[in-house]
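Structure record follows, encoded as structure tokens.
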Ligand SMILES: Nc1ncnc2c1ncn2[C@@H]1O[C@H](COP(=O)(O)OP(=O)(O)O)[C@@H](O)[C@H]1O
Ligand SMILES: [Mg+2]
């Protein structure tokens, strides 16, 4: 079981309020991702849940029981740190065994859990090495192994993949997702990378300056961002935001249209412009179109093998039902 | 630095320094070895005939030799024990955020800047003196017989004085090591259910082991040759109760004007230092790898 509720949780460091009072419920078995730009308070929020920071106000409940004043060890949560925080002088086996040793789990049970974690995480051949002799990805897996053997009510991850190279990150992303499917344990995952959030989450919590901007499933956030911030943050490449007469014509202060919702043609369309940079990814091509009179650049996604290049004059047509309209305050106009 | 050419150039560049250092070491060593084989007493002018190992024989059969050897080891061991344990505890204390941290840290380092002779004199006359010392006053205050430290427990008293001098060094090195401990490791241990004591023994102590090794090695080098503190406080006495090897060499070569015997003692001290060094490296040297 791992249902975590935050009620009016607030955190200040001295005079600086990092997390204004917020409410949030994390359901049992859910994969929740906190996403937001650097410094927005994601780690702080996670550490409040873990008990590594004391709340300045509000209540934290885990499975309905008050946990606000419980020390970290008593909350039944396991955390994977950005730096992995492995114990450098202990072998992988001892690292993984450490929480069980502290909990006085019987020897043979310890052994069984280590074996099964090592097997699941492909660490069997490395059990007797020190963390210093492992690659980044392997260290990451040891840190996860150390969390798994505690059989926690929920896992907390703080940007666990940010120290890995791109290829490894994709692999580990899958492994963590698979782990979640297999264990069906609550996971709270912090990242600043919206791709990680979109690919892994059941529920995304978008944070800005400690505020929750929107909570929802990846597709909900993609389809109906509640405000300009979420609209600009979720989705890659970013949504095109256009203001001025073109927006006013549609009764909005700003309109947003995603690159994949604009058709490109060499003959006719609503807007026109000149292709600046063309990014050929093979499967897709991204064009940065200039001189449209709408915004500095309009990004569009087109077919991978479309025969257009830098300097070509093109016509653009947005899908009318995919245009998001925002008012002066940046809120979505329903 | 990898090519043949750059290696050769590097050797050429460091050669002058190496040669000077080598001379600096080799000349006194060879002279000491040479003197130790001569009958060379300043009170007996005339020849300095070669006598082979005779000086060594005298030195080893001197009744004070065994005592001095044991005292040397006790002195080194005792001071190391106090400074490592005390230094770790003090470092732990100084690592806590507290009011006036800067001043307190400065004060803790202060004993290191006091010259050995001065600090030994202060301890002898102001603290340990059985009549006027602070400890005697305190003892009388609570109504017990003052304890004559330097007469009754001379070696222990000297260990105390020397440990007081070296405690700041150990504290300082261990404190820097403690501050370099990744706070996420401590937090991870906290999440893993380790209490304060477990965190100290499983995470902090292993992290400090390398710094402690450095402290032990450096202190051993200096502690093997403790001299000023003994000269100033007990002059090796009562009897030879607080005489170490260095002091024994001093007694024989300078008080008895026997250069040959003193040199032999010096050579024995060098050999002892090397034996201790080998043992130390065996025991704790692996902490310095990688
Ligand atoms: N211990 C602390 N003392 C003071 N300010 C802090 C502390 N920890 C974090 N902050 C501040 O809180 C804000 C949020 O930090 P953090 O939660 O680490 O952001 P994120 O993980 O989203 O990048 C930052 O502005 C940071 O400077
Ligand atoms: Mg962070």
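Our numbering is plain: 1 for the first residue shown, then up by one each step along the chain.
In case you wondered, yes, glycine gets a Cβ from its N, Cα and C as well.
Among the features that TrEMBL reports, transmembrane segment is placed at B:12-35 (among others).
With a cut-off of 8 Å between Cβ atoms, the residues of this chain six or more beyond the transmembrane segment (B:68-94) that come close are 101, 104-105, 108, 155-156, 158-160, 162-163, 166-167, 169-171, 173-175, 177-178, 200, 204-205, 208, 212, 215-216, 219-220, 223-224, 226, 240-248, 272, 276. Per TrEMBL, the feature transmembrane segment maps to B:68-94 (among others).
For B:69-280, the entry in TrEMBL reads domain 'ABC transmembrane type-1'.
According to TrEMBL, the feature transmembrane segment maps to B:106-123 (among others).
Sequence-distant neighbours of the transmembrane segment (B:149-175) (same chain, 6+ residues past either end, Cβ-Cβ under 8 Å): 71, 74-75, 78-79, 82-84, 86-88, 90-91, 94-95, 105, 108-112, 114, 116, 119-120, 123-124, 128, 130, 135, 208, 211-212, 214-215, 218-219, 222-223, 226, 229-230, 233-234, 237-238, 241-242. Positions annotated as transmembrane segment by TrEMBL: B:149-175 (among others).
Here the transmembrane segment (B:214-241) has Cβ contacts under 8 Å with residues 64, 67-68, 71-72, 75-76, 79-80, 83-84, 87, 115-117, 119-121, 123-124, 150-151, 154-155, 157-158, 161-162, 165-166, 169-170, 173-174, 247-248, 250-251, 269, 272-273, 276-277, 280, 284, 288 of the same chain, all six or more residues outside its ends. Residues or ranges marked as transmembrane segment by TrEMBL: B:214-241 (among others).
If you look up TrEMBL, you'll see B:261-281 (among others) marked as transmembrane segment.
Remote same-chain partners of the transmembrane segment (B:261-281), defined as residues 6 or more beyond its termini with a Cβ less than 8 Å from a stretch Cβ, comprise 29, 32-36, 40, 55-56, 58-60, 69, 72-73, 76, 216-217, 220-221, 224-225, 245-246, 248-250, 252-254.
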